[in-house]
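A.B. asks: Below you'll find the structure I mean.
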Amino acid sequence: MTTKTRNILIITGSLVAGMLLGWLFFGGSDDAEVHDHSAEAGQETIWTCSMHPQIRSAEPGKCPICGMDLIPLESGDVTGNPEAVQMTEYAMKLANIQTQTVGNGSGERELRLNGKVTVDERIAYTQSTHVPGRIERLMVNFTGEEVKRGQALAVVYSPELITAQEELLQAYAIRSSQPELFEAAKQKLRNWRIGENQINRILESGKATDRFTITADVGGIVTEKLVELGDYVERGMPLYQIADLSKMWVLFDLYERTIGLVEKGDKVEFTVASIPGDTFEGTIDFIDPLLNQQTRVATARVEISNKEDRLKPGMFVTGVVNTSGAVDASGITIPRSAVLWTGKRSVVYINEGTAANPSFVMREVVLGQSLGDTYEVLEGLAAGEEIVVNGTFTVDAAAQLAGKPSMMNPAVVASGIKQEDVRQYLQNNSIDFKEEASEEFQKQLNRVVTVYLQLKDALVEEKEEESVNLTGKLQEAVEATEASALIGEAKAFWEEKQKFLLQHTEVGMEAENIKAQRENFIYISEALIKTVATFGIGEGSIYVDYCPMANSDKGAYWLSQEAEIRNPYYGDAMLKCGEIVEQLN
C-alpha cells in the first residue's frame, strides 16, 4: 500500500468518525434546539434565604424571618439548604448509596427471639420416700434412665417400719376385743404408702419385714438423682426428679424493649442448632407477667409435642415471631441500616433533592421498638419522605468533610445561624416586632434573658456543674415562652428561634466539659441576640459584646447587662478580651 493510498484512507476514516460523532451529539438538533431554548426562556430565577431555605420568592427582596437579602437559588441546588450535602446521580451509584421512601408500618413485623427447651413443669414429678430409714439398694443409679409406673427404685432398711409391723401383729392378736387399736395400726402403715396387699402378707406370715421397696409413682425420665447408696432418709425426702418428656416447653427470652411486641396466640417458628434443616412451629400460650430481677427478662412459653424424643431439655433455639400487635398500621418504620447512633442521638439522612440532583440533610429521630431488621420511628419522619438506607456512613463522611451537620457534630446539627451574620443583622435589622410583642410575652422573654445572663456568669467563673444546671433552667424558660401570644411573621420568627434554642440547650446539658459548654454557648448567644434585637427587652438596655479571638479566631458574640467586658468564652485566661458592638434598648 502506497503512502498516498494510506493518507486517503486515514482522511476518509476521520470524516466518517466525525460525521458519526456529530450525529450522536447533534442528531435531531432542530427539535432539541427548539425545546432547549423554550425551556431556557421559560426559566425564572428563584430567590431564597441562605439562613431560611424554606423561603421562596420570584423576586429579590428581604427574608421575612431574618431580614437578610434573598439570594438566587442555584440551578443545581434544588433545595437551597446550606446544611445539605449535594451529590450527583453518578456519585451515588459509585458509592452504592441507596434511598427508600418512608412508608407506614404494616402492623406486623418479624421479631427474632432466643430461647431454650425445658421440661413441662406440669408433668414433672418428685419421687420421695414415705418410709424413714437407710438406703440399702438403688435400682435406678443414673440420670436419664427411663422408669415405668410401679417399677422398683430403691430398698430402704427402716427400724421404725419394723416397730410399726410388730404393733400391727400385736393389735391383730387382740383385734376382737380392741378393733379400734387394730385399725389404727393398719392406718399407720397406710400412711407410709404400704398397700393392703402388703399388710395382708405381713399378717399371714406373722413376721415383720425389715426392708421396704420404694416403687415409682409415675413413669418418665429421671432428670435428677438426689440420693446415694447408704444415705439416711426421712419421710418425705426426695429421691429422684422424674419428668415426662413427651411434651416440652420452649421458653423464649423477652427483653424489656420487646415485651410489648409479643402477645398470646402469636405463631412462632424456631430452629435448633443440633437439628439442622428442621423447623418447628408452635403458639405462644403464656407470657410471664414478672420480670426476672437478675437477667431483666421475661419469658414467652410455647408448648411443643416431643413424642419422637427429638428435643432435649437445655437445647438452645432461635425463633421468629410475627408480632401481630407490634406496630400501629399508621406507624413509621425504617430499616436498621438507615440509622446512625452516637450516644443518645439517632440520626438519618433525608434526600430533599431529586433523583438527578440528590441533596442529603441529616435529621435526628426518636426511635421506638426494635422490630428485627426495622425500627419504629416515633418522631422525626413523615410518610413519603426519602431516606438513605444503604451507604449512610458514606453520606455522613461527606457531610463531615464539607463541614455540614453530621453524626459527630451535634453543635452544627442544631445551628442554623452563621456566625458572620450577627454583626450585619444588628446593623441592618429591618425587622421590628416590638409592637407585636405582648406584655406577657415580654415578661417571659425577660425571664429567658435573666437565666441566660446567669449562665454567662457561670461560664465566666468556669463553674461547670452550675453551667449545666443553668442550661437546663434556660431550656425551661425558653419552653415557657409561648408563641401563642404572637401572630403572623412575629410568631414564625419566634418559633424558629425557640426551636433553635431548645436544640442547643439540649446539647449544652449533654456537654462533657466546660470547653464544650462554651462552644455551644456561641450558638445560644447568636439566637438570643437576634431575638432580643427583634422583640426588645421590655425595660432598660443590654449590651452585645464581641470577642474576635473566640470560636477559633472566627469571633463570637454574647449578651451582657454591664458595660464591663467579662468574657464567657475564656474566663480568667482572657477575661477582658472583647468589645461592645451594640446596645439594645
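Going from the start of the chain as shown, residues are counted 1 onward.
Even glycines carry a Cβ here, placed using N, Cα and C.
These figures come from a predicted structure and were not determined experimentally.
Dumping what TrEMBL says about this protein:
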DOMAIN    47-72  domain 'Heavy metal binding'
DOMAIN    130-243  domain 'CusB-like barrel-sandwich hybrid'
DOMAIN    160-208  domain 'CusB-like three alpha-helical bundle'
DOMAIN    248-322  domain 'CusB-like beta-barrel'
DOMAIN    332-395  domain 'CzcB-like C-terminal circularly permuted SH3-like'
DOMAIN    448-539  domain 'DUF3347'
TRANSMEM  7-26  transmembrane segment
A.B. asks: For the domain 'DUF3347' (448-539), what are the DSSP-based totals of helix, strand and coil residues?
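C.D. replies: Helix/strand/coil tally for the domain 'DUF3347' (448-539): 77 helix, 0 strand, 15 coil.
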A.B. asks: So, by DSSP, how many helix, strand and coil residues make up the domain 'CusB-like three alpha-helical bundle' (160-208)?
C.D. replies: 37 helix, 0 strand, 12 coil
A.B. asks: Let's see if you can do this one: DSSP helix, strand and coil counts over the domain 'CzcB-like C-terminal circularly permuted SH3-like' (332-395), in that order.
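C.D. replies: With helix first, then strand, then coil, the domain 'CzcB-like C-terminal circularly permuted SH3-like' (332-395) has 7 helix, 38 strand, 19 coil.
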